[in-house]
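Q: I'd like to ask you about the structure that follows.
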Amino acid sequence: MVFRKPPDGGWGWVIVVVSFFTQFLCYGSPLAVGVLYLEWLDAFGEGKGKTAWVGSLANGIGLLASPVCSICVSSFGARPVAIFSGFMVAGGLMMSSFAPNIYFLYVSYGIVVGLGCGLLYTATVTITCQYFDKRRGLALGLISTGSSVGLFIYAALQRELIELYGLDGCLLIVGALSLNILACGSLMRPLESSSSPPPEKMCVDKVPDQYFVYHEKTVEENISILEKGYIDEKCVNNVPDCKQDSILSKNVLSSINVNEKDTYKKKVVEQTNFCKQLAKRKWQLYLTYWKETMVLFKNKVFSALFVAILLFDIGGFPPSLLMEDVARSANISEDDYYMPLISIIGIMTTVGKLILGILADFKWVNTLYLYVTTLLMTGVALFAIPFAKSYLTLAMLSGILGFLTGNWSIFPYVTTKTVGIEKLTHAYGILMFFAGLGNSLGPPIVGWFYDWTQEYDTAFYFSGFCVLLGGLLLLLAALPCWNACTNQSSKLPPNTYSYKVASNA
């Protein structure tokens, strides 16, 4: 499908606003799950690694299912998917209020809410990229701040609701707020395809052949009924003519029966051929999907990008979930708290997404190198967490990590520049699958490190090493000198060249 030229404005700004509120409503609670994490630890008495699975699944399962989410958005459109996902998020949050154990939360909060968030994220990113081209970085930065603002507000909101109504009441109220996603989704008007003909120019030739078969059969049945009624009437008025007409009617009916048999056989043959063609077409689609996937992985930048996003989420996501427990483990008094650490991460993530999104729109900024820089700085900040023993130092590190986590706003931009807008949905679904895998594994790994060592130092050394390794691999794949060496040995075009070509697509 070829979309018409992005308007870079107009209804596109409405799409930005509703996408912002959609991400605000759906990601507010899952990103601020660190507040709920402490309550679940006390309520169910499970280990930290086991309890961390709830939040990691909520933030990772939607990304793991990104290929499926991409197919759903491509098949049904952003608007229907957003409305359906709103019911999933709200229903999962309300179901979680009745959770009798941690395993119930794995399904209700982790899988149901997480899958709904994944569908909504794919829908908002895809429709925004379709409406914007020149201002795509700014638009993606604006909508991605919705989740960060949600983290900032929901961290304080959920804590206040827990004090007033308890954990169950908090989840019920948050689930009710999520129903507003339905109103946001209804405003996601799709961008029309340039190749789709207007409805009034539909031709009769495009009507399926099955319609004519059924229509022919209906006409024959109506003719037989009319002829039978006409003969019955003549038999009442004129008996001699009735015998002649009855003989004629038998001949007519016999010819009609022959036609019906032929029509039925023709219909069976057509249905059989239709099923064979449908199966063949589906198989071709699957083959085409895997061929396109293999072509994507031949690009060294794309291959390094999926490794980097996997390692980044393994190491970079746990602080947003476990920072409150890190402060409690460091014996920091609650009287020293001026603001929840999760709220600091949320507000600084908002700032980071806006600034990085604006920087991505400048022609002199290489978004790939900008993204690599954020990865390397995140790894250094994670190494510094074990040395933070006061609220002030933890707050500063939380702000730095939050700002750098804002690189999510430029990640779709980097993907688009790498593979082109035509392959965005396909490539982004694959990359989000590995991001979800990292989100799902990161917090439990950090929690298990704590359960084994009874301290977080080793866990965050491991997290910092993962993020630094991913950034260095991506930097190595994007360096011009590495591409020149590869070009001389294999005579393939360098990734830098393919990256620039994709950016001009």
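Including glycine, each Cβ sits where the backbone N, Cα and C put it.
Worth saying up front: this structure is predicted, and the values here are computed from it rather than measured.
Annotation comment: TrEMBL describes 15-482 as domain 'Major facilitator superfamily (MFS) profile'. Among the features that TrEMBL reports, transmembrane segment is placed at 12-40, 52-73, 80-98, 104-125, 137-157, 169-188, 301-317, 337-356, 368-388, 394-415, 427-450, 462-482.
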Q: Report, as numbers and ranges, which residues of the same chain sit near the transmembrane segment (427-450): CB under 8 Å and 6 or more residues beyond its ends.
A: 47-53, 55-57, 59-71, 118, 121-122, 125-126, 293, 296, 302, 305-307, 309-318, 321-322, 329, 411-412, 415, 418-419, 456, 458-460, 462-463
Q: Restricting to the same chain and to residues at least six past its boundaries, which positions have a Cβ under 8 Å from a Cβ of the transmembrane segment (12-40)?
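A: Cβ under 8 Å, 6 or more out: 6, 46, 51-52, 54-55, 58-59, 82, 85-86, 89, 93, 102, 105, 113-114, 116-117, 120-121, 123-124, 127-128, 131-132, 139, 142-151, 153-155, 157-159, 162, 167, 170, 174, 177-178, 180-181, 184-185, 187-189, 320-325, 328, 340, 342, 346.
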Q: With pairs fewer than 6 apart in sequence excluded, do the transmembrane segment (462-482) and the transmembrane segment (368-388) have three or more C-beta pairs that lie under 8 Å?
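A: Contact between the transmembrane segment (368-388) and the transmembrane segment (462-482): present.
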Q: By a Cβ-Cβ criterion of under 8 Å, what residues six or more beyond either terminus of the transmembrane segment (52-73) are in contact with it?
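A: Long-range Cβ neighbours of the transmembrane segment (52-73): 30-31, 33-34, 36-37, 40, 81, 102, 105-106, 109-111, 113-119, 121-123, 126, 313, 317, 321-322, 425-426, 428-433, 435-444, 446-447.
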Q: Count the Cβ pairs between the transmembrane segment (169-188) and the transmembrane segment (462-482) that lie under 8 angstroms and are 6 or more residues apart in sequence, then report whether there are at least 3.
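A: The answer is no, given that the two segments have fewer than 3 Cβ pairs within the 8 Å cut-off.
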Q: Within the domain 'Major facilitator superfamily (MFS) profile' (15-482), what mean pLDDT does the predicted structure show?
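A: Averaged over the domain 'Major facilitator superfamily (MFS) profile' (15-482), per-residue pLDDT gives 78.
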